[in-house]
Structure formats: C-alpha cells, structure tokens
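See below for the structure under consideration.
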Amino acid sequence: MREAACLWACTYVCARRSVGGRVRAPCDAWLMSLTLLSQATFLTQTHTSWHTHTSTETAYPHFILTAQAAFLFSTHHLRYLFTLAPHHWSSPGTSAKTPSPPPPCVARLLRMEPRGASRRKGDGVPKENSPFINSTDHDKNNSYDGTNMALFEEEMDSNPMVASLLNKLANYTNLSQGAQEHEEADEDEGPKKKAVKSPQMGTFMGVYLPCLQNILGVILFLRLTWIVGTAGILESLVIVGLCCSCTMLTAISMSAIATNGVVPAGGSYYMISRSLGPEFGGAVGLCFFLGTTFAGSMYILGTIEILLTYIVPAAAIFKAEKKEDEAGALLNNMRVYGTCCLTLMAVVVFVGVKYVNKLALVFLACVILSIIAIYAGVIKTIFEPPDFPVCMLGNRTLKNNDFDKCLKTDIIDNLTVTTALWKLFCDSPELNATCNEYFSNNNVTLMQGIPGLTSGVISENMWSEYGPQGMLVENRRVPSFGGSDPSQDIYMPYVVNDITSFFTLLVGIYFPSVTGIMAGSNRSGDLRDAQRSIPIGTILAITTTSIIYVSCVILFGACIEGVLLRDKFGDSVKGNLVIGTLSWPSPWVIVIGSFFSCCGAGLQSLTGAPRLLQAIARDGIVPFLQVFGHGKANGEPTWALLLTAAICEIGILIASLDSVAPILSMFFLMCYLFVNLACAVQTLLRTPNWRPRFKYYHWTLSFLGMSLCLALMFISSWYYAIIAMVIAGCIYKYIEYRGAEKEWGDGIRGLSLNAARYALIRLEESPPHTKNWRPQMLVLLNLDSDQAVKHPRLLSLTTQLKAGKGLTIVGYVLEGTYLTKETEAKKAEQNIKSSMSAERTKGFCHVVVSSNLRDGVSHLIQSAGLGGMKHNTVLMAWPGTWKQSNDPQSWRNFIETIRETTAAHLALLVAKNVDSFPTNQERLGEGTIDVWWVVHDGGMLMLLPFLLRQHKVWRKCKMRIFTVAQMDDNSIQMKKDLQMFLYHLRLNAEVEVVEMHDNDISAFTYEKTLVMEQRSQMLKQMHLSRTEREREIQSITDESRSSIRRKNQDATEGSSLSRQSSTAEDTQEDEAQLIHDRNMASHAAANDKAEAGPERVHMTWTKDKLFTERNRNRECNANVAVRDLFNMKPEWESLNQSNVRRMHTAVKLNEVVVNKSQGAHLVLLNMPGPPKNRGGDENYMEFLEVLLEGLNRVLLVRGGGREVITIYS
C-alpha cells in the first residue's frame, strides 16, 4: 500500500503541473497506470483475504492472472513515463537533458524490487580479514524485514544471508593494478568519477606474452654464445637445466599459492607475505625489490653495451690509446652513458607509465622477431653458411678491427708488400723488420666462423674451455709453434678472456635469463580469471623459453666455431654481435631487436620496482619506508621511483654486466626460495584454508625447488649469497622488532602452532628432571578500580627472575559473572598486557571472572597452563593493608592461597614491599643478596639468587647465605659443610652461621602475644552488637589488669625484668602498644560508624599521651597502677603457649635478620607454613608481620616439596 500512496502523491503533482496544459498527455498515461495498479493491488489483497477464508482454489489462477496483467500494464506505462519521456518531468527552470529522478518508491517499483532491497555502487575493495570479497560498510546498515528467518534476525548484522554472500561473489570484479590508487585520487571529483572497467585480459595476453618478454632478454643476445663456447654444450645444458628446473618448480609452487584464493595486485610480494608472514614478506619483498632494481641496471648496461660496441662504437667518450686500457675505457663509457640512459628512462616513467605500456607490444615484437631471425639463420646455414671468416695466427684468434686482409704480405703489381697485420707485430713495415717471434714462426690462416649445422663442429664444442683472465682464445686442433712471450702477448691484437671463467660464475651470469616468471602474477589484477591464467600461462612460458634456451645451446654449438663462441664481444668478426652473425637476413635484425628489447626490459623494471616498494611501504611493516608509500595524485610512486633510480645507479657504476648479473641472481633466487618454502609449509601444515585449484603440486616438489634455489645461490657466488642472506636477516629482525604487527593468517603462525602442539604432546606431564627445573611463574596481580595494575614492580621482578626464559602466566581474578563483566575483563587483560610490554615481561595473560576472589585464584592455580607446560611457582605480593582492611577475607584469601600452593606442590614466592623493588632500568651497585636458610626447601633459596644475578639489575650484587645453628649444633662444622655444598653446586657465596641460644622469653614477646590475642578476640567480636562489643572489650582489659597485678606481687622478679630491658626494647614496646591501641581504635571507630549513636568507647592511647605518661613515671617514680599499664605481662595460664613460642621465634629471628641484613639489597627468607587449625589464621599473619619487621625488600620463599637444584652434571 506504500507504493499506492506514493503513486497517488505523484498524481497530485502531475495534476498541479498539468494546469498549464504542458504535460497533459503524460499525466493521462499516469492516471491510467495508477488506476490499473490500484486495481491490481485491490485484486491481490482481495484474493489474499478471500483465499484465507475459503477452501475453494479454482478461482486462484483467474485472480493471479488478472492481478499480474493489471500490474504489468501499469508498470509498463510507468517505465515509459520515467525512461522514454523524461523531459516531460523536468522541473521549471531546469534543462530537459537533466530529468528529475522518480521518487524512491516509484524507482523501486519500476525495478520490481522488494521494499527492503538496496543497491550498492562500486565494487568495493576486498578485505583480507573478511570472508566476503566485496564487503562494504553499507552491508552493516541493511535490515532484514522477512519473517521466514525470524529465528536468525538478531544475527543478520554479523552473519548475512547466504543469498547476499552469493550475490557478492557473482558480482565480484578485481580492480586492475593501480586502479585503487587512481580511484582514491578521483574521489574528490564526485560525479565526474569514472567507473573502473572489469579486467578482460586472458591467459595469452595477460600472462604468457609478458612472461615470455621478461624471460627472454639481454643474456640470450649478449652472453649465451660465450657461455656455450666457454662451458661447452654439455655443461651449458646442465646450467640451463638447473636454472630452468628451478624456475619450473617455483612456478608450480607459485601456481598453487596463486590459485588458493584471490591474489590482488602485488604478485610475489603479496603471496609470500600472506603465506609466510610480515617478517618474511617484508624481507623477501625488499630483496625482490632490490633484484628488480638491479635487473634494471643490467638491462641498461646491456643497452649501452649494444650501443657502444655494435651500433655506434665511435660514440665512445673515453678511448684507449693502449690495448691494456681498453677495459677501463669501456667501463667508464658504460658509467657515463648508463647514467644518462637511466635518467632518461626515469623521466619517461615519471611522466607516465601509460607510454611504457603502449611500447610494451613493440618491445615484445622485437624479441619475437629476433628469436625467429636466429632460427631462420640456423636453417640457412644448412644450405648456405654466412661468410664471417676468423683470422688465426697459429692457433690464436686475432682481432681484425685494424686490418682488412688476413695476410702477412701481399703481392701488388708483382711486388711483395707488407700488410696492416705485419705492422701490428713488427717494428717497421719493411720485410727485414724485427717481428714478434710467434708471428714469425706461425702462419696466418682464415677459418670460417660459422661452418654450418652440418659441419660437425658440434663434437668440438662439447667440452669446456675455462681459463683465467687474459688467457688467449685458441683453437686446440690447429698446430702451433713456440716462441710465445706472455709479457708481450698482452700488447698484441689477440682475442683474450676479459674475466676469469669457471662453472659457478657462468651459472650466476646465466640465471637472470630465466627470471621474469612473476610477470603473470604481478598482473593478477588485470586478468579475467587469475586462478586459471596464472598457472597455465606461466608454465607454458617457462616451457617455451626452456625449449628455446636448450635448442639455442645445441644449435650454437653445432653451427658456430668454438673460438668465435668464446669471443665475447665479436672482435674476431670485425666487432659484430656473435649471435647476429648467425641470424638471417642480417645481423642488424638481432642488434636492433636486442637493443629495443633491453630498453623495454629496463623501462619495465623501473616501472615495476617502485610499485613493489610502494606496496611494501603501504602495508606499514617497515616503519622507515612509510615515506615511499606516497606519490602523485594519481597514485604514481614518485618517491619510490627516486629511490629505485638511486639504487639502480649503484649497478650502473659497477658498469660490468658480468658483475651485476650474479647480484640480482641472489635476490631472485631468495625470492623463489621463499615461494617454494611458502607452498611447502602450507601443504605440510594442511591448514583448512589451503585449497588451491591447481592440483599438480606436492610438498616434495616445493622442497626440491627450495633446495635447488639455495644450492644455486651458493654455486653462483657464495659471498653474494651470504650478503643477501645477511640483508634479508637484518630486515627480518628489524620488522620483528620495530615493524607493525600484522595478522595475515600466515603459514609461519600455523607452523608455530603445529610445533607447539607437537612439543606439548611430547612434553610429559610429569615434573621435569631437577637439572631442567626452572621457575615457571604464575604471577597473581591486583588491579585497582580503574583496572590499572597496582604493583607493576611485580612484573619487573618476574622479568629479572626469568630473563625471558621459561613460562610466565600473569593472572588476575575479576569478581562477578562473565556475562556482566566481559568488557571489564577485556579492559583488564589489555592493561595487563600493556604493563607486561612496559616491563618487558614475556608471557601470557589470563583473566578469570569468578563469583568470588577465593574461587578465582583457586581456578587459576589449578587450570593455568597447558599439558606439561604448567606453572610450578606462584608469585604474589604481600597484602600490606591486611591490618587496616575491615574485610577479613583480604588476609584469609592470602592464607588459603598459601595452603593451595602447598597442596598442589607448587613453590611460592611472596614479595614484601614490592613497590620498592628495582625496575628493569635500574642498576644496583655493590651490595648483597642475603639468603636466610632456616629449613631445607629443595634448594629454592639457593637457586633464586643465582637467577637474579643473571640479570643486569642484580649483576653486581654478591650472594650471602646465613644459616641458623642451635645450642647442640657444631657451628664450625656446619659452615665447612655448607661451603662444600655450595662448591659442588657451583655457586659463589659467602657463608655465615648464626647461633641462636635458648634464652628466656622476653617481656616484649609477651607484649606482642598479648596484643595479638587481644586483636584476635576483638576481630571475633566484630559481628556482635555494640553493647556486647563494649562489654567484651572491657572484660578483656580487666582480665589483663588483674593478671598483671597478681603477677607483680613478686617485686624482685619484676625489677630484674625491668633492668634487663634496654632502650631498644622500650621503643619496641611503645610501638607494640601503639599498634594495639590503634587497632582497637580503628575497629571501634569502624563499628561505631555502622551504628549511629551518641556514646563511644575510647580505647586509644595517642602517641603524645603515651610519652607524657612514660616520662612522668620515670621522673616521679609513678605508682604501680600506671607502671602496670605500660608493662602488661599476662600469666602463663592466660596465653596460648604455642602462640608464645611462635612469637618468641619470630621476635628473635627478626632481631638476628635485621642485625645482619638490614642494609642488603634483597633478603630471601624461608616462609613458615600456615597453621593446620584455621582458627589461628589471624595469628599467623601477626607472626609473619613480626618476622619481617624492619626489613625493606623481602622475598618469602616456600618450596614446592621437590629438589630444584643438584650437584650432579
């Protein structure tokens, strides 16, 4: 009915506009359409209502046909109104060419869409973390109005319908390479933005030909003949076979990766980074960028070599006056012309890459024509070999640039005259001149440089002819006579080796001729079906080029003489390109074709390398490369182009094609190695997402390809291989340390998961051997109300104990239920991880939401860890505010935690005054770590100081061990035994035995016990009524006073005890009394607040009142009643004798520890266990408080019931 209402509104508008009689006809059509549509709507609704109340279905077709006919007829009129005659609906004052759009409801009706349907413009950019290809933000706003799936309506926001997913898959169009940047640049244009065309390139044009063009290049035209002549046909086939096998295996692995989902523009870098992670991806991506950049240098050097050697040799700026200076002059010319050529190419790329793309077909045609000319020339040699004679002096090859006739003398007009060749070897043109001895002893002969395919020269070119730099190019089959002087030969016009040649060098020089297999994957964004085109096109291109290379090796060896093959620059055939002498119809076909081929390859390298660098920079995995992610408004990588040109200039300055080729071979081989590794890892891990459409792969092939790449790296140049690996390793570690964290679902993460699973399964759940024991920490943290860590120094202590080794689990318990505390739990986990990162604590965070704190801690102790990788030590902070807390659960939870760790056979570390512990940035000076070894706990007290001293914070501290001797112990022998024990433990520490005599229990001990028991009784009365609480406190006080009076009837004993007490003890008594009074006051005040009333019980002695009363007693010999107030000593019968003994131990041990270790940086002390009877838990806390009084940094240690240190190796 909403559509009908909209149509009636449009009718009203139509009537208003038709007043002038301008659009009467369209309005009539409109009214007719409206009438029919209303009828259709009425018939449909009538049928629905009627059909609901009747069982007769015979009239159903009639109703439907009538409604459909009326609806179609009406919508036909509406389509005419808004499509065929839009000018009738233009608003006054607007052009007829810009008609006003129909109302949305009408437009939806014309499209025959349901009310909830919506249309989205644009293709959208695929997101890696989304299961959908074209997920956009508009999807989140779509509502679901249907009722068939009402059960799932609440999940529609996060889990769309299957129909929506299939619609996105069907409408997917992959953007062409660089199109995204261009779209971003055009966003500001609004309506002017042009739609991006769908990619239409197929396998042949999109993959096969680009790979063919990139593979066939400069090495084929300039170095392959020299490689065949130097290595021989057999070893040349080995080189070609190794390199082509490497690329074929890599192409198989690359095809598997490329068909495992959509590969956006980015090619090999995208595949490696998303398969092996950002660290490997960034390292290999930058190596691939460097390889592509140096490939540009190689192509430019090849271009200049062709230009200056074979096209216009006269254009050389530097010319050698002596033969020995020719190599240096050539290098200088290469540097000058190479820099100019690089500048020109960079300008062309900067102006617009579209010009490079337009010329790509021309460059490809040059390559194909050159290959055809070579095969045509080979066929022609069967019938008519070309005439390219080679002048030989004895068995040595001569450069014939400076003479025309290969003769010593010539007869002209019946006169014997010397030739230009004579002048090169003799000191004068006269026949009686002094000549080179070898020149005089050997004859000059002409040898046909290209004898032809049927000449049988193939048998002579089977074997290698390696040699050092400066070695003469000789024909071993031709006889030669002595007289050679090597010191003079370098000045003669002989053809010599310009570099030392050996098999591994030729591998490094040849390998760049098989690179370029990534050209298809780099164009994945332009392909119609990348998952089909990339495997087929790449493998076909590699197969084609492999056949070309193998056939060229055989044909070159079968058609060309060996000495001409080893003549790298064609000096023996008047400076012609050697491969050009074989071509048909003219050598210039190869020369011109190879020149343009090298130019095109150089331009493509300068085009591709900056975009690869830009892709890496935009991923944000290498922070210092962020600037190279920017470019011009249309997305062209300007800054990346500048860096590419600068690096390319380094290769130009090297100036030698044979020196640059092994460098880029390293980088390409490393890239191919990691492509194979990525495929092998994904295959072996069998990750669920590894489902490539290309099925002809196996992990053994990938592993073989990876091994072959690694072998070729070290075969080509072991020092270049090491340098390339060091560069990649540095980049890897930099990305790992400083790079952005990316989660790409890479294989390395899956490999880590599998390795962890395998290790956990292999790791026995039984405790490890003593020699392998190390503290696996469970750190129990406390957070404040803002979910901030209360004691971050606890994490610092963990780091110093662990030094990054072993397991660390940081736990926290949040009270409540998980459904209501989920947000707080996540916030707490995030804050804990931030604190761990700040304190450099490596480990895991575990936040548990529990109904109460006690159960949560128990769950952590029981369930933290996995399998055999569980914690064996619990670290927690001392509850410093347990006395001030009104909630007894604060210290009861602490005691219950101690009991549970003991029951679980876990070690326990409790840090007192943890906020005073040093941070990881502090460096403690000369000091001591004091260990008080009272009872044997498995060696934890010995091991912990050793672990701490491994950290730089405690490295300068010395270790001291104190042990306690009783009256019947031999302290001298104990010290010797302990020193021997430490010697066997390989621990360096000072040993001291402290003797504790069995003396009488002091008055201070009684006072402490009295205060403790009074406080315990008062805590028990916390839940009584106010009147009962006052009566109970008064009875306790009266009982204490009466017992003191009865005890003080013996005046002699009282005076002796008074004389024995020292000033220090008086001070301790005062402090104890103050503690007692303050505790009584705090509890009374806390309970008085709960019950409002005018009366209060004051049991507090202020400090001023205490000292005033004490001074008055000492000065005026105060009466017994006041003196008794400050010397409360209960009878033996009124106190628990067990508590008195424990308090006595705590007091005496505290006196000894404070006396010896008050200045120590850290004190480690055995932690006594809690009482078995839970009724004395509050007394246990008092004992520990007395034991630790006066110490700054204390670490209470409680062993787990097993030995953790051994004297055995």
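Just so you know, glycine gets a Cβ as well, placed from its N, Cα and C.
Fair warning: this is a prediction, and the values are worked out from it, not measured in the lab.
According to TrEMBL, the features are:
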COMPBIAS  115-126  compositional bias 'Basic and acidic residues'
COMPBIAS  1025-1050  compositional bias 'Basic and acidic residues'
COMPBIAS  1051-1065  compositional bias 'Polar residues'
DOMAIN    207-384  domain 'Amino acid permease/ SLC12A'
DOMAIN    495-778  domain 'Amino acid permease/ SLC12A'
DOMAIN    792-910  domain 'SLC12A transporter C-terminal'
DOMAIN    920-1051  domain 'SLC12A transporter C-terminal'
DOMAIN    1140-1209  domain 'SLC12A transporter C-terminal'
REGION    115-146  region 'Disordered'
REGION    177-197  region 'Disordered'
REGION    1022-1070  region 'Disordered'
TRANSMEM  201-222  transmembrane segment
TRANSMEM  234-257  transmembrane segment
TRANSMEM  269-291  transmembrane segment
TRANSMEM  336-353  transmembrane segment
TRANSMEM  360-383  transmembrane segment
TRANSMEM  499-519  transmembrane segment
TRANSMEM  539-565  transmembrane segment
TRANSMEM  585-603  transmembrane segment
TRANSMEM  639-657  transmembrane segment
TRANSMEM  663-685  transmembrane segment
TRANSMEM  697-721  transmembrane segment
The transmembrane segment (201-222) versus listed stretches 234-257, 269-291, 336-353, 499-519, 663-685: most Cβ pairs under 8 Å: 499-519
Most Cβ pairs under 8 Å with the transmembrane segment (697-721), selected from 269-291, 499-519, 585-603: 499-519
Stretch of maximal Cβ-Cβ contact with the transmembrane segment (336-353) [cut-off: under 8 Å; candidates 269-291, 360-383, 499-519, 585-603, 663-685]: 585-603
Taken over the domain 'Amino acid permease/ SLC12A' (495-778), the model's mean pLDDT: 87
Outside the transmembrane segment (360-383), six or more residues from its ends: residues with CB under 8 Å to it: 209-210, 212-213, 216-217, 221, 450-454, 548, 552, 555, 559, 579, 582-585, 589-590, 592-594, 596-597, 599-601, 604
